[in-house]
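Under the heading signal peptide, TrEMBL lists 1-19. Marked as domain 'SLH' by TrEMBL: 43-103, 104-167, 169-232. The domain 'GH18' feature in TrEMBL is assigned to 239-545.
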Amino acid sequence: MLFKLATASRKAVASAALAGMLAGWMSEPWLTPAAAAASVSASGALPFDDVRDNFAAQAISNMAALHIVTGTGERRFEPDKPVTRAEFMTMLDRLLRIEPVESAISSFSDVPKTAWFYRWVQPAVQIGLAKGKSDTSFEPNRPVTREEAAALIARALKQPLSAGAAPSAPVYRDQARIQAWSLPAVYRLRQLGLMGGDDDGSFRPASPMTRQEAAALLDRIWSYPGWAAEIQAAPDNPIQLGWQYGQSTAQYEKEVQASGINTLSPRSFFLDKNGTIADDTDAALVAWAHGNGKQVWTMVGNRSDQAATHAMLSDAGRRSAFALQLAGLVRQYGLDGLNIDFENMAPGDRQSFTAFISELNDELDDLHAVLSVNVSPDFGTDWTDVFDYAALGKEADYIVLMGYDEHWGGGDPGSVSSLPWLRAGLTTLLKQVSAARVVLALPLYNRDWRSEAGMTVSEEISLLQQNARVTGMRAKASWEETMGQYYAYYGKGASIHRIWLEDGRSLSLKVGLGQSFGVAGYGFWYMGGESLDVWTSMANARRFASYVFD
């Protein structure tokens, strides 16, 4: 990555702090397969009294030592008892080190927030592991069948499946009973040696999976060469930039501490009409960030003042002076970088804006400071004509794609950031800028669209306000697969309110999109707008995306 740090020691501090943050997210103790087995052998006793002489006794002990499976009572495992869909999903989450999530929007009507399994089913849905029996039903208390378990495991291990992969000759006596949707997974797990049939050659696809079978299956996965190491490895820690907006320093620091943010961007520098810089830097915030192993890329704004921006950019002398002023402030405060956020620029300033970024980058290079530039997705409008994306991608260290405002306050109702729109914008940018230089910025805000008497207006709201309205107004919410988010509506008086929700599920899909392209990191507009659960959701998405089970 191009993370340019002022000193090597600061980089070491940041790495240590981030490692500690990741460790904090993992609430369960984890052991290697050998250590798990050794812990059982050393004690000379099984953790449960009802698994003696059981074919899966060692597997049950291993998985219990890893806290992947638990008992049903004091020293009781009930090995022959069927595993429910909720229980199996919980085991899979724990196996994959997916953290539980207390999200605001329930994925299924039969997975209530009061249920013990709510916090385990929700993250599995968010990463695409759990699927419902219908759009609204998960059937959490129904026993998981053997063929369902095979399909879930194949999905969890990201195994390549093809309808034509199964052999033409049956491999199981009852293969005709295996449903077409599960047959590729059943065959793939047989190839891997993870799941087979009975001694008589039957697979029993519709039979409930027992707790002993589940433990044996999970133990085989954990013991498969290289897979435990893959799961235990810490995922890459990308740039996670959070903008300060409308918060005090104390509030901002608190929100950063509760998140995965490693790069702060306070809105401290603004272009004045006379071409100088209005400086509102809080030196204590910079010191706090560095003391906590985090970087500071101060945002430089233009207050959307097109005239003042043009006056500075179009005059070579004023342009150079502005770049020198910024470099001086970076040196004065010991900043790690700058984040340029110039909006509402004239298309005619395209070349001069690129020239300004080039000059500023030269100045910051001497200070080993990072230069990032915010851009809107290019959909061929005059709003983005000023951005020479390819040239900016060569001059700046990072291009920050502002993946929001698909629909804005004065426009037609719709999503702030639908998945197809975001994918199109990112794909277009990546044709001109390397993914290693792209930071994908995501919304921690939304819009509530109110229609009444033929008129529609919108109100910008935080995700906390969104969740409160959806819950408090008993809004009807449904998952829109194409959009990659929930759509909710509710009535209030004579008005109809509509919200395209941003939550842990929608943001996980957006992070998954970024991971699939290998972007350098993520930005979040704005800190304080989120509900805390989304940080866990997005961390889960990054972790799951990092797994490769060869």
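Every residue number used here counts from 1 along the chain in the order it is shown.
For all residues, glycine too, the Cβ spot is worked out from N, Cα and C.
TrEMBL does not curate its annotations; it predicts them automatically.
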Next on the checklist: Please compute the mean pLDDT of the model over the domain 'GH18' (239-545).
Outcome noted: 98
Checklist entry - Can you tell me how the residues of the domain 'SLH' (104-167) break down into helix, strand and coil by DSSP? => result 20 helix, 2 strand, 42 coil
Checklist entry - Where DSSP helix means H, G or I and strand means E or B, what are the helix, strand and coil counts for the domain 'SLH' (43-103)? => result 24 helix, 4 strand, 33 coil
Next on the checklist: Just to be sure I understand, if DSSP states are collapsed into helix, strand and coil, how many residues of the domain 'SLH' (169-232) fall in each?
Outcome noted: 31 helix, 2 strand, 31 coil
